[in-house]
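Chemist: Got a structure for you, questions after.
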Amino acid sequence: MTMFAPTNEAFQRYNDEMDDNLVLYHISNLATTLTNLDYAISSELDGNPPLWITRRRDTMHDDIYVNNAKVYITRSYQAVNGKGKLQVLHVIDQVLQPLQPLGPMSTTTPVYNPNAYQFLEHSDVFNIGQHRLRSFRQKVNQLQKKEVFNADGRHTFFIPVEEGFKPTARSDFIDEKVIDGHVIPHHVLFTKATPEGQEFESLAFSDNVKVIISFSVAVNGQEELTYVKSNTVAGDAKHTRGVVLADIVRANIPVKNGVVHLIQRPLMVVDTSVIDFLKEKEDGPLCKFYEVIMDLGENNQFLNELTLAKDITLFAPSNEAWNENSVQNIIRNHQKLREILKLHLVRERLPLDAIIHNNMNQIYQAPTAAARKYLYFNVVNSNSNQTLTVEGGGVNATVTQPNIAATNGFVHIIDRVLGVPYTTVFEKIKTDPMLNITYNLGKRQMFNHQLNEMEHRYTYFVPRDHAWLKFQIRHPSAYKALFREDYGYYTKQILERHVIRAGRSYTVSDLKLMANETHPIILPTTRDPLKLRVKESDKNYYVEWNGHWIHVFRPDVECTNGIIHVIDEPFVLESDIRLTGSAEKTRVAYTYFLLFVSYTFVKILGN
């Protein structure tokens, strides 16, 4: 025999019925060691339903699961009994839950080891809580897709419960393709045994329509919620591209031909607006965002726009993102909150592939609903994975769930609230992908260290990498000298010209009020006074310094101790160029001189 024995702790978490059937489901009449475990092993429960085995090879060592329970590999044990028969014990971290009838099985329709279709057809006689499956069952039979759920082999099935058909028109969207989109063939996927985010082709994966399915996990307070998402990567007139997210309301129901997950709504069906998606479930992945919006009360322009707009993209902070202390403080300030919410809204449809395409040759910026405020995108490639980050108002967030499709646009779930700073000026330039060169220059003579102080407020005009690379093309010797350790003094002097340290920091609009195209403002820096003029043209800001109008590529990047303005040209004087350039030439000439002296000395010794 083989016995799968749950730990005491596993039983403490188990709340369902405990009887002889439960014991029999943990036993097989074959002695099977870890190395001999195949994809399934028959149990001793009536009908011999299979126990499904999963080997996860995405970690340093193989993890083995039986159904949704992890096997403690080092605790497996084997012995020979008095009759010379081998017996094997595997310790597991969960109690295995068989599919059980509500009461004694009917003698007219006994179903002891049902496949997915038999489970769907007779779901009322099984113990699946309050869930009913009538509407989906009707569609499967009406569309003659019985064979999909009857198929022999190893498959994963997603079945929407009755509550998912509350909008009565929803069932009209379900056709043969959508039914196929609820099945992953040739894989038995239990939630814990399947890596989060790993994508699998659904049965709806053909030349015209391509649907992939994956699991995702979200945290809501102390509770961890598991979702399944269908991603229609190629669609047609009937099947909209994008992601549909469904809460798994009852997971890991083992059946003869795989596993069934009951889900809160149908996959692939895009029939809700952006605002409807936010409020679809009280404990949904964006329920806190919806609460914040509704707390703004009457004359809620942001809510009105989400409701009425035809083409929008919403970058929606996750529930966890709203728990930050700095965010909690902002929520109480309704005027500030209105501006922050607008920062999350773009008035056009921006699916992930469009953002990536727009970002190929330059950093893509998208105008938001907040006046003169943009979102900036960066795509990080790691192995075969692509991660999208978005910055707004000085906050860099990661898109954790892109492309949720709605009737009037897209929702991308992000891990931070934009516009609520959480980093100092120092931390921002250290981590921002377009400010690497300025950060590295600031390492000279520890210039950057002051930017971590909270006693002062900084306004830092930071040249982006592109600005320094243009400077390198025009002045290669001077650029090279800036990075030499022995010329750190010159580098520090140049950077000091870019920083205003005072009792307050200045937004670009503040500076524009203080200075315009004709009347400059003089601001104190550690180096020498910074004389600027400011203008606005075609929704962009420009500062005039030393006779040059310089584009402010990203204005008002807020930090906890100041503001950064990302600019397209460094504040470098001709005298700086001559000084660093000539210094570099002198260094090269001196090196050649030393080489010549050494060579001459060696030659004399040789003679």
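For all residues, glycine too, the Cβ spot is worked out from N, Cα and C.
Where the annotation comes from TrEMBL, it is an automatic prediction and has not been curated.
TrEMBL feature annotations, pasted as is:
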- 1-96: domain 'FAS1' (DOMAIN)
- 113-267: domain 'FAS1' (DOMAIN)
- 273-418: domain 'FAS1' (DOMAIN)
- 422-571: domain 'FAS1' (DOMAIN)
Chemist: By DSSP, what is the split of the domain 'FAS1' (273-418) into helix, strand and coil residues?
Modeler: 49 helix, 47 strand, 50 coil
Chemist: What does DSSP give as the helix, strand and coil breakdown of the domain 'FAS1' (1-96)?
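Modeler: Its residues divide into 17 helix, 35 strand, 44 coil.
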Chemist: How many of the residues that make up the domain 'FAS1' (422-571) does DSSP mark as helix, as strand and as coil?
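Modeler: Tallying H, G and I as helix, E and B as strand, the rest coil: 58 helix, 46 strand, 46 coil.
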